[in-house]
Amino acid sequence: RMFHDDELEESEKFYVGQPRVLLLIYALYNTLVARSEMVCYFVIILNHMISASMITLVLPILIFLWAMLSVPRPSKRFWMTAIVYTEVAIVIKYFFQFGFFPWNKHVDYTKDKPYHPPNIIGIEKKEGYVHYDLVQLLALFFHRSILKCHGLWDEDEKGDSSSNKEDTDDELSLTGGRRDSSASLKSVNLAASVESIHVHFPEQQTAIRRKSSSSISQLSHRSSFSSHRSKRGKCHGMTLQVYVPIRQFFYNLIHPDYSAVTDVYVLMFLADTVDFIIIVFGFWAFGKHSAAADITSSLSEDQVPEAFLVMVLIQFGTMVVDRALYLKKTVMGKVIFQVILVFGIHFWMFFILPGVTERKFSQNTVAQLWYFVKCVYFGLSAYQIRCGYPTRVLGNFLTKSYNYVNLFLFQGFRLVPFLTELRAVMDWVWTDTTLSLSSWICVEDIYAHIFILKCWRESEKRYPQPRGQKKKKVVKYGMGGMIIVLLICIVWFPLLFMSLIKSVAGITNKPLDVSITITLGGYQPIFTMSAQQNQLKDLEPHEFNELLKSYQGNTAALQFLEGYGREDITRADLEGNSNSLWTISPPSRQKMIQGLRDLSADFRVKNMKYLISPFFSRTLEEVYPYYIKAPSDSLAKPIKQLLKGMYCKWENITVSLVKNVSEEGVREWWVLNQLRKNQETSQESLELFIFSDKVSPPSLGFLAGYGIMGLYASVVLVIGKFVREFFSGISHSIMFEELPNVDRILKLCTDIFLVRETGELELEEDLYAKLIFLYRSPETMIKWTREKT
């Protein structure tokens, strides 16, 4: 050892001998110290998400457009700005908590209004108004202490002074060792008047001194003349003091002296994908009404919510622009895009969205989650800008290694509809190439195919199969059994789905209104009545048990009752008096009387002609269905299983015509009464039992609506077509599938990508022609793909 210290060794041994919990705490603390600036960023963003005001809006924007873009780290000026700004914000919030301000007298009324000015500014009176600001200030002071501990707090000032000294030395060497500060461009005082700003050159030093001495002697004569111009120059100089550093900051960012090239596009794409998923499943949070929270039900009704459409298009558009900037490798475009996104999204999320949703941002959990993921994207984008784009973009990020994980992820990526095609077309549009679109897609397809073969060949090398040995049962039953189960599930999926959708996941469909209409021989209805609310009653447990006992021995009835529970049966009590008058015309009345005289067996009553007589009642035998079924997709109909046989038949009812003669004229209506009822009453009434079918949940209603035959036609047959192509098209692809060694072909594809990135477009054409010739020549393909000996 070059250095040995007993105390250090004893300290290391003591540290290693500590409990694991304590070591974990040490590790977490060291991680916190190493990433203390990230803790500050997180606390600032969290404070803004909860407060959502103009006061807390400033620091997040400064984070994404100043701190995270600073190389190599945020300067002392930024941290001092954040600390002072937080302290001032705390004082302002405290000052406006007093009750004598007019807006603090009706806090309960205005606290949930998103466009109330104090709520927008952040000076409203509320409990815990300063808690997160204090935590933010504590995090900033903690980071300040870490920087001071490591000697990084005053590093910026030392660096500036040393750089100024070096620049001065360089300028002095150019001027022959003269220490004239006026020869340096850095000596220009931006706060001075416009007339006093001069640019001096080394060869004019003597004339400069002469002019300066003469100007000093004449300064007293010109002071009164230039006073007002000096004030205007000072204002202009103050503007330059703000503009020039900002311009120089972004110029240094776009044209760095050195660039630590990195590639975080994949992470940015994943963040955008997460935001896209949040929009799809939480689109209701970005619209005015939040009742329709199920996107599948809205789409099944052919309704596209405006909030969902706008958010999806904006999110998708930003992903396309980000891909274009990544392929063009333009840092300036990325900077402009970052500035537009930061200001645009913050303005929309905290000023437009609360007015659209009619609720504050702090009360919108989905919007807060979306904004937090977008902040992660902003941080990654700032890191990409600060480090610069990679000089070469070769292939897909999933094709960097050859294993099962990359293989299945890459195949899953290719299975997403239109994603592979969209990526290929965008890459062709924004990449310099001499290939046509069809040739580009051809190369991409060959590369994807060769990558998949490479993964399989690597897996065969890692898990070799000895020659002459049969396949293990684990492989046969694992892979083959899984395929068998999958095919069986696909074949019988519609039957299983339709059986379980209502019996297991079905929802009880209670009737809200029961209406009954009775006609005789197709003439004007003689009776209409409806039952609602209190007239619709659930079946009691003892009533349901008695119903089951009454059908003991009736196999058809019991089989029907097995599909219904007590909650699916509703008893409707209808009044016996018709709720509408009998307004039949005289000719129809005569025809009806004539028809009743010509007795028909369909009426099932004797002496039907006497029904027309007033106050005369007759019995209709077996005409009233006591039990009816109410399907979810058709009209109600009698339950034949429960209405035939010796157990229960169609019920008998009495009908009578009531006539009332008054000054207004003659009024007639019919009165019906059921002879045998479950709930006996003294008044005329009818009783009806409704068996309601369960309905599928709203989220699965779009599948259940197809029915069994529809699912077979739309799902099973389509999947069967792809499965058949997999099993029947193998013989045509043997030449391109059974390649023992694909390294040379894979290297040829990679070479095409490489020469394209370096601008060797003629060589790209030559390599592409070589690749096409290789696939046209089976003999050459065999030579190229032989195993290396």
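Backbone N, Cα and C define each Cβ position, glycine as well.
Predicted automatically and left uncurated, TrEMBL annotations should be read as such.
Here is what TrEMBL says about this protein:
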- 213-227: compositional bias 'Low complexity' (COMPBIAS)
- 34-154: domain 'Piezo transmembrane helical unit' (DOMAIN)
- 262-499: domain 'Piezo THU9 and anchor' (DOMAIN)
- 537-600: domain 'Piezo non-specific cation channel cap' (DOMAIN)
- 618-787: domain 'Piezo non-specific cation channel cap' (DOMAIN)
- 155-180: region 'Disordered' (REGION)
- 205-232: region 'Disordered' (REGION)
- 14-32: transmembrane segment (TRANSMEM)
- 39-66: transmembrane segment (TRANSMEM)
- 78-96: transmembrane segment (TRANSMEM)
- 264-287: transmembrane segment (TRANSMEM)
- 307-326: transmembrane segment (TRANSMEM)
- 335-357: transmembrane segment (TRANSMEM)
- 369-389: transmembrane segment (TRANSMEM)
- 401-417: transmembrane segment (TRANSMEM)
- 437-456: transmembrane segment (TRANSMEM)
- 477-501: transmembrane segment (TRANSMEM)
- 700-723: transmembrane segment (TRANSMEM)
Per Cβ pairs under 8 Å, the stretch of 14-32, 264-287, 335-357 packing most closely against the transmembrane segment (369-389):
264-287
Ranked first among 34-154, 262-499, 537-600 for CB pairs under 8 angstroms with the domain 'Piezo non-specific cation channel cap' (618-787):
262-499
Taking residues 6+ outside the transmembrane segment (307-326), which of them lie with a CB under 8 Å of any CB in it?
265, 268-269, 272, 275-276, 279-280, 283-284, 286-288, 295, 298, 333-334, 337, 341, 356, 389, 393, 423, 426, 429-430
Which listed range (39-66, 264-287, 477-501) shows the maximal number of Cβ pairs under 8 Å with respect to the transmembrane segment (335-357)?
39-66
Cβ under 8 Å to the transmembrane segment (39-66), counting only same-chain residues 6 or more beyond its ends: which ones?
32, 74, 78, 81-82, 85-86, 89, 92-93, 119-123, 132-133, 135-136, 139-140, 142-143, 249, 338-339, 342-343, 346, 350, 354, 360-362, 368, 371-372, 375, 378-379, 382
Tertiary contacts of the transmembrane segment (264-287), as residues 6+ beyond its ends and Cβ separation under 8 Å:
293, 295, 305-308, 310-312, 315-316, 318-319, 322, 326, 353, 356-357, 364-367, 369-370, 373-374, 376-377, 380-381, 383-384, 397
Helix, strand and coil residues within the domain 'Piezo non-specific cation channel cap' (537-600) as assigned by DSSP:
32 helix, 10 strand, 22 coil
